[in-house]
Amino acid sequence: MLNKIISKTISLPEHREITIETGKLAKQADGSVVVRMGDTMLLATVVFKQELDPTVDFLPLHVEYQEKFAAAGKIPGGFLRREGKLGDHEVLISRLVDRAIRPLFPDNYKHETQINIFLISADPEILPESLAGLAASAALMISPIPFEGPISEVRVARIDGQFVVNPTQSALEKADIDLMVGGSEKNILMVEGEMDEVQEADIIAAIQFAHEAIKLQCQVQKELADAVATLKFEAEPLQETENFELKDRTFKALYDKVYATAKKGITNKHLRKSSFKQIKKEYLKELLQQDPETSTVHFDKYYYELEKQVVRDLALNEGLRLDGRKLDEIRAIESEIDYLPAAHGSSLFTRGETQSLTTVTLGTKLDEQLIDRALLNGYSRFMLHYNFPSFSTGEVKFNRGPGRREIGHGHLAMRALKKVLPLDTENPYTIRIVSDILESNGSSSMATVCAGSLALMDAGISIRSAVSGIAMGLLMDEQTGKHAILSDILGDEDALGDMDFKVAGTAKGITACQMDIKVSGLTPQLLQKALEQAKAGRLHILGEMNKTITEPKTTYKKHAPSFSTMTIPKNMIGAVIGPSGKIVQEMQRETGTTIIIEEVEGKGIIKFFGPNQEAVQSAEKRVKDIVAEPVVGDVYQGTVKSIVPFGAFVEFMPGKEGLLHISEVKWERIENLDQVLELGEVIPVKLLEIDPKSGKYKLSRKVLLPNPKATEA
């Protein structure tokens, strides 16, 4: 691609720098750059097919972000010990990049395009997701691919009341706002993040702060593109791929019919779809009779554009929506808990034609999710999985496991709920939430938030506050600035509209949000209006949820694992575990419990999980017996563990053995101890002495027996 290396630098506060370099790596790609901040380096490449597939009427764009384990000096886990398919974390970053760049390709560009972003060097303090969007955009800018960028994405966090761009990993842990913001020099395109119940004005301030950093990064990309000066590929002009005469005929013939149908306010989406489809079918039949060569591909496209225009005009001119609602009206809500009697927690949440059946399952520390990534190793005690079967929209599709959409929706709902979970010290359980979407007509991820909140309270998890979510939409005339903000959008409004803005939070504030914008001109004032309207909708939904349950249940379900905790001296941990774990494994096997032993702040913390309280209490008793301190002079029932010529070793307390000397077995002289005691025999013994140096125990049996000499006397 290039014969020389070109590099540009972006300056950040606190003497930090980002460099963008091209001309050294992957020169056969249509565009490639290396973005570096500290020791974190990303290689981004773009390639495209110049041959156009005439059957494709969309942009076949593929964005893949992958972390190389070697970047962090690690070898991947698993049997193959190599990178495989993208993990959830990589999918989420791929989606962040895709959502920001996809709107900026020209309408007439429909060539297959692939963007790969590799993490090739990893500084654990500098997070690569903050640089992935910048890398992808820079690679596009220096490539022949027509791209109406540049864009960039930055991470903005509020730490101790101050906003920081691309904070370090350690600093991020103290943030109360954590946002990824993507945009161009003029517009914000994408927002996603989590926060600690903050106010709407705080979100707007964070976005505006991020946009200033984005503008600078876009300017540097322009300088890089000017220095490379790649000749851009020209896609086929729209005039050569469009039939404007057919479009005009379709609009003139059908606009009034479609508008009248839309204004009926049909609430059932299948009936509404059928009504629009009938209009389309009848007119297409008429067109084909007049001209059998009429392009059905073009007609389908123009009819879709007609529907889109009608929806916009209906909302902008009359303040009405497809299902008859007003702009800020929320669909009818129904919810119930304890729907599944055998689950640890469950809820059924229905809003209009969107329905989520959600379960909560409580597990032990052994059920924690293993996280094995290039930059992060550890365990997660909170999981949320979102499932979207095809029948939820009345379609036939093969179930091939969770796709990118399911992973993204589940992650957003998880972020919304995790902010209200009790601290680890207050919650002993690993928590898994599963949301199965049974019906879908818009905002199923926010239905998952609502259902998840209800199910957690049903399960007895002491969340700080209930959480609700709402999806907002926007219809906007970019020429006049006239707009309509929609609350609780339908699936059609999402597809036909200009914005999808999901907001989740408590009565106190916002805990998560996600926004995708398709138009320019979204001013701070308009964003503020959308957030305030979203707040009113969220509070309304919370009110409906409170009719079902207002506080978490005070007890766990009978099917949930029973739990208790115990503190023991640090020096007794080994006694409870036993040689090679023998004692604790035996306890778990015989009581049917799971026992977790940890050292915390110089103490032993033992957690017991069992199928019922009786099992837990049984395990507790056995541990108490092990850690109990023997008392000199007390009598115990001991088991003969071994017999030696000079006596026997007797276990008089769990894990504690003492010597019963041959002279302490009987008052009479014993020649052969095997004739008096048997292995496994249970005998009463008295603790005579604990050696102050060795801690060894001295036992006696004879002192509990009558003394023949005393009897004779």
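Cβ coordinates are placed from backbone N, Cα and C, and glycine is handled just like the others.
A C-beta separation below 8 Å, combined with a sequence spacing of at least six in one chain, links D494 (Mg(2+) binding site) to G442, S443, A471, G473, D500. What Swiss-Prot records for D494, D500 is Mg(2+) binding site.
Summarising the annotation, Swiss-Prot assigns domain 'KH' to 561-623.
The domain 'S1 motif' annotation in Swiss-Prot covers 633-702. Taken together, the residues in the domain 'S1 motif' (633-702) have a mean pLDDT of 90 on the 0 to 100 scale.
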Cβ atoms near D500 (Mg(2+) binding site) (within 10 Å, other residues, all chains):
21
How many of the residues that make up the domain 'S1 motif' (633-702) does DSSP mark as helix, as strand and as coil?
7 helix, 36 strand, 27 coil
Reading the DSSP string in three states, the entry for D500 (Mg(2+) binding site) is strand
